[in-house]
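One structure is given here, and the rest of the page talks about it.
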């Protein structure tokens, strides 16, 4: 759970800070306005009925597609020590890119520098997601539920802490500096707190050095020779199976990906719809009569969305939902509803949007955790590690495509 929380934290903060990041760049880049011939200030006149930023908050979304590149040669079932070093390397990359993202965004003076900061955050989150999902196959199925709860908690913690710190008067820059502690917790959790099972090949050598003494101790403690023989035979067979598993070929991967489409497509649609809402529409749903400022409304939209995600990702211990396509359909309904709400402005206050956004988060979180649960359950052991990583393409691709849709929509509404 702790790894999931730390892994997604940086990117969630970037999404919550998106409006503030753009406002900061606007204030830095604003030049002295040129008076018009009639004496009016041309910079103050707004040609749009919306309180729009020159650049959409969706500017942060295409960056997540960088995580797709790591699937070119994903870690697959590979029982050698050398292969498992890739996990160690990937965790180090996640740590350093998260640190760089916080520093770049906090010190940025241009939109381009901020975008690169978000790129590093998305690389950290995307690479960490496919790596830790692959790693989860070596543990019990309960670990997947913990991972889902942790990633959901990252949303709540990141959005709430950012909103709370900035609401308390801290600048976004100082808030991002404080949050540098999170990547450190990620590294400490993986290298010092995580207890690896014996099935994880990276640590098997260390255990094999003590195998003789363990066998002797087990012989002293077990009086029943038949039971001992059965268990030893079962363990030996399992170890030999792992040693002789051949790497997946390119053809194997294509075959597995075809089987995963029934999960990847609905998950991608869910994430396309919800990130189109979050980064394309919510910025435009501003209620001037509310006591909350535009930036505060946007922050709480993101916070409530993350609360819904956390609640539904934790629900796996209570119930499972097999029909992911129903959640993708309902999420599309949300996107259409809020698009009409932006255009016709018929919603009375932000509280109605708060409820819709919370519901949106419930759908997104449930789709995510149930997708990976059923992939784990329905995939052969040999294919499971690759399948878990490959399926993460669904949400990454959906998010990346949502940016392509959000940019023109933002431009259209801001031109009205």
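Cβ coordinates are placed from backbone N, Cα and C, and glycine is handled just like the others.
Heads up, TrEMBL stuff is auto-annotated, nobody curated it.
If you look up TrEMBL, you'll see 226-240 marked as compositional bias 'Acidic residues'.
If you look up TrEMBL, you'll see 224-243 marked as region 'Disordered'.
Per TrEMBL, the feature transmembrane segment maps to 87-105 (among others).
The feature transmembrane segment is assigned by TrEMBL to 111-132 (among others).
Under the heading transmembrane segment, TrEMBL lists 144-165 (among others). Away from its own ends, the transmembrane segment (144-165) comes close to residues 1-10, 12-13, 15-17, 129, 132-133, 136, 172, 174-175, 178-179, 296, 299-300, 302-303, 305-307, 309-314, 316-317, 361, 365, 368-369, 372-373, 376 of its chain (Cβ-Cβ under 8 Å, at least six residues beyond either end).
Summarising the annotation, TrEMBL assigns transmembrane segment to 177-196 (among others).
The feature transmembrane segment is assigned by TrEMBL to 259-278 (among others). Nonlocal intrachain contacts for the transmembrane segment (259-278), taken as residues 6+ away from its ends with a CB within less than 8 angstroms of a stretch CB, comprise 15, 58, 61, 301-302, 305, 324-325, 327-328, 331-332, 334-335, 338, 357, 360-361, 363-364, 367-368, 371, 374-375, 379, 387, 390-391, 393-395, 397-399, 401-403, 405-406, 409.
Beyond its flanks by at least six residues, the transmembrane segment (298-317) meets 12, 15-16, 18-19, 57, 144-145, 148-149, 151-153, 155-156, 158-160, 162-163, 166-167, 274, 278, 282-283, 285, 292, 350, 353-354, 357-366, 368-370, 373 of its own chain at Cβ-Cβ distances under 8 Å. Annotation source TrEMBL lists transmembrane segment at 298-317 (among others).
Taken from TrEMBL, the feature transmembrane segment applies to 324-346 (among others). With a cut-off of 8 Å between Cβ atoms, the residues of this chain six or more beyond the transmembrane segment (324-346) that come close are 50, 263, 266-267, 269-270, 273-274, 276-277, 281-282, 284-285, 353, 356, 359-360, 363-364, 366-367, 370-371, 409, 413.
The transmembrane segment feature in TrEMBL is assigned to 352-374 (among others).
Residues or ranges marked as transmembrane segment in TrEMBL: 386-407 (among others).
For the transmembrane segment (87-105), same-chain residues at least 6 beyond its ends with a Cβ under 8 Å from one of its own Cβ atoms are 7, 9-10, 13-14, 17, 21, 70, 75, 113-114, 116-121, 123-124, 127-128, 131, 135, 176-177, 179-180, 182-184, 186-187, 190-191, 202. Beyond the transmembrane segment (177-196), the same-chain residues lying 6 or more positions past its ends with a Cβ under 8 Å from any Cβ of the stretch are 2-3, 6-7, 9-10, 13, 91-92, 94-95, 98-99, 102-103, 106, 124, 128, 138, 158, 161-162, 165, 170, 202-203.
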